[in-house]
Amino acid sequence: MFILQVGTLSKSVNLALSSLKDWMSSRKAKLPIAAFPSTAEVFPEPLGLVLIISSWNLPFGLSLEPVIGAIAAGNAVVLKPSELAPASSSLLAKTIPTYLDKKAVKVIEGGVAIGEHLLCCKWDKIFFTGNARVGRIVMTAAANYLTPVTLELGGKCPAIFDSFSSSWDKEMVIKRVLGGKFGTCAGQACIAIDYILVQEGFAPTLLELLRNMTKKMFGENPRETQSMARIINKQHFLRLKNLLDDPSVQSSIVHGGGMDEDNLFIEPTILMNPPLKASIMTDEIFGPLLPIITLKKIEDSIEFINSRPKALAIYVFTKNETLKRRIISETSSGSVTFNDAIIQYAADTIPFGGVGESGFGRYHGKFSFDTFTHEKAILRRSLLTEFWFRFPPWNDFKLALTKSAYSFDYFGFLLVLLGLKKNS
Amino acid sequence: MAEDSETKKVFDAEAAGSLMKELRGTYASGKTRSYEWRVAQLKNVMKIVDDHEKDILDAIRADLSKPEQESYIAEISIVKSSCTRALGELNRWMKPEKVKTSITTFPSSAEIVSEPLGVVLIIGAWNFPLLLALDPAIGAIAAGNAVVLKPSELCPATSSLIAKLVGKYLDSSCIKVVEGSVAETSALLEQKWDKIFFTGSGRVGRIVMAAAAKHLTPVALELGGKCPVVVDSDINLPVAVRRIAGGKWASNNGQACIAPDYIITTKDFAPKLIDALKHELEAWYGKDPLESKDLAHIVNSNHFARLVKLLDDDKVSGKIIHGGQRDKANLKFAPTILLDVPEDSLVMNDEIFGPLLPILTVDKLEDSFDMITSRGKPLAAYLFTNNKKLKEKFVKTVSAGGLVINDTVLHFAEKTLPFGGVGESGIGSYHGKFSYEAFSHRKSVLYRGFAGDASARYPPYSDRKLKLLKALLSGSVVGVILALIGWS
């Protein structure tokens, strides 16, 4: 939890503080010679009053990370943290007014009704993290006011697992896979690994490696070791239980499956080839259930992924350079990470965001600043010089000059001017 | 058979569905992704405009009676320069952008890879019917997308010509034109696009965005607004007036999203400015502008009636100080200047989109800046002055899509500047590389090595692990070393 919340937040603040002057300054734009002596620049200005709606799984990270960007960009901010994480929401509501300028940065707590009220107002930008269903509601409300939105949604993030020969490599990637699933809020993260794709020959080895490492990382009795998060609430617990209720899915469980409803705990669970039409393979899992799907060839993963909605992240564990290149050019996703998972969240030089069903817009690092900024184009012209042929009344001579000038045909322009070339 | 060829197929929901299915199949085949395909299409767009310049000018004249020179400057030359730029830069635009990585993800390397969004819809507007269909299409094609163009039905000759030429010169398995109006557009909007690029009014922009929301489709909306021109007194008046008049009446007779909508100047300077404007108008359009061939017509009787209503408003009677002549049968409308109309008059509330130019006078120009943004952020705002302080205040306080100091509309032609609105004037931007980016998804790619891993990342967790993580994430190399050797 530290990585994804407190650690990355303090990194983001430090980056914003050290880079702010640079981010706030105008960027000069090049102009063609014909435009001399004009100058052009792009001036970043705040959008105004922005609404940030965050999610329950990383209640601090997903609230404050966009807030950092919005403030850096000079906006006034309203934050609506998720009501499903009441302790965090309440802490945010208490501390933000104490530390930040309460005239410009406010926290409004509440559930669906409050969210609906907020969406009826005219915002200059709405930044939403959550699921696609609510994402549609947010964008529809924004359309009334032509409010630009950023939607950070989810999806089924696949992990393609190629075969590895070295045991060092194997151990490393298995840890990363498990960290990226059970070790990330028990799989309740938009970028958590949702399912694994592996070549059928390697599947048994993979399964064994996963089971052994799971025991090592989470203990023989995971509920006792407190190394894994619990499910957020009863509703989601039952949703996950339902995914396993289907008998054909039940029979595919090869590890774990134990559930404790009173404590909202589900142990790390691995499944082997559940039916592709079952909900566990059509809906985003968002929990500690890890299906493994086997394929004849690892390259078949490309078609498998392409026949499904675009994910927020694709993870590929491989040393095969050709496969890497093919995944990049033949699939589409918010991002692609090779040989690790989740960690792209902590990198602030690459944008974080989705595409297609996983959302649009992006943030992190300077991209956070940009997402809450309007890049205003400014052209400064001199009153000293003029292209008099730009204006009516029109005639052939003017048209010939215009054609040359607008195609930057300086020589042709000269010819026309000297009467040596006519408009054809 | 004669009967069949006369029966026009209705483009309904079913037709839109089949169209989408076909394009998704073509896009999935990867045809639009290659550099060669994109270059071939862009070269053919250039051919369309080069080889059919006369047909295009004729069609635009038939639809809008726009003078040839205007059509050339505002439509043909811009499409040509967009193509030229895209062809010249495409290689560079398509290259992945390498970015630095920090100790937090060490060892790693990263890049940002541009990829097409997929199948995109471009809805054009009527005032620059060729430009506003083809210019965004150039960006979409350069970015490797499959494209559907819906040109404006208010320009039937141009719409039909675009459909014919695109069908003839471009790859019709990937680039299609759908002609039609509300029914056809609605059918298109029901489909799931990977991006919708719309140019037009805020009213329809809302409809487009709401339709897009059902499918979580990102949109670019190029809308309009009331673009103000603030005019100071210490300027080269003849040059300034030519530029104001050019941006207003030589731009489709004021029917342009970035045409100056109204002027703000000081009470003292107004008479001089008005005289200079009148003088220039007479030099350009003669004593009877309705006879001039250099003035574009109003697009249709609806818009004509709308403009007449603005002048017939009681609140502006007596404020018309120049022009006002019109010819309903021929949809001709003379350049018209109004002085000091009330702020709650119709002409000061909606975007004029026509040849009426209200002039508002104030005591101090700086006082007008708040007035501007209180009306909703416009697509453009213009300032004529030599006063450095005034320029800086304008740049800092007036929010608009784009600003031009000492000219009007010209920023539209500068490909290194993003062109787009903010607030009521729109979402997103394009031109030059911004067009390419408008139709691209910039995908982050992170390559991680195997050299080392902080076991601190994984359970079982401990305080010591936490210390190491803190150091790693703050990017502090010293902190990392200390944590590793068990200190602090």
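Cβ atoms are placed via backbone N, Cα and C, with glycine included.
As annotated by TrEMBL, domain 'Aldehyde dehydrogenase' applies to A:38-378.
According to TrEMBL, the active site annotation covers A:GLU152 (among others). Residue density at A:GLU152 (active site): 27 other Cβ atoms are found within 10 A of its Cβ, drawing on all protein chains shown. Taken residue by residue with DSSP, A:GLU152 (active site) is part of a strand.
Annotation comment: TrEMBL describes A:CYS190 (among others) as active site. For the recorded site, A:CYS190 (active site), the DSSP three-state label reads coil.
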Average model confidence [pLDDT] within the domain 'Aldehyde dehydrogenase' (A:38-378): 95
Rounded inter-Cα distance in Å - A:CYS190 (active site), A:GLU152 (active site): 9
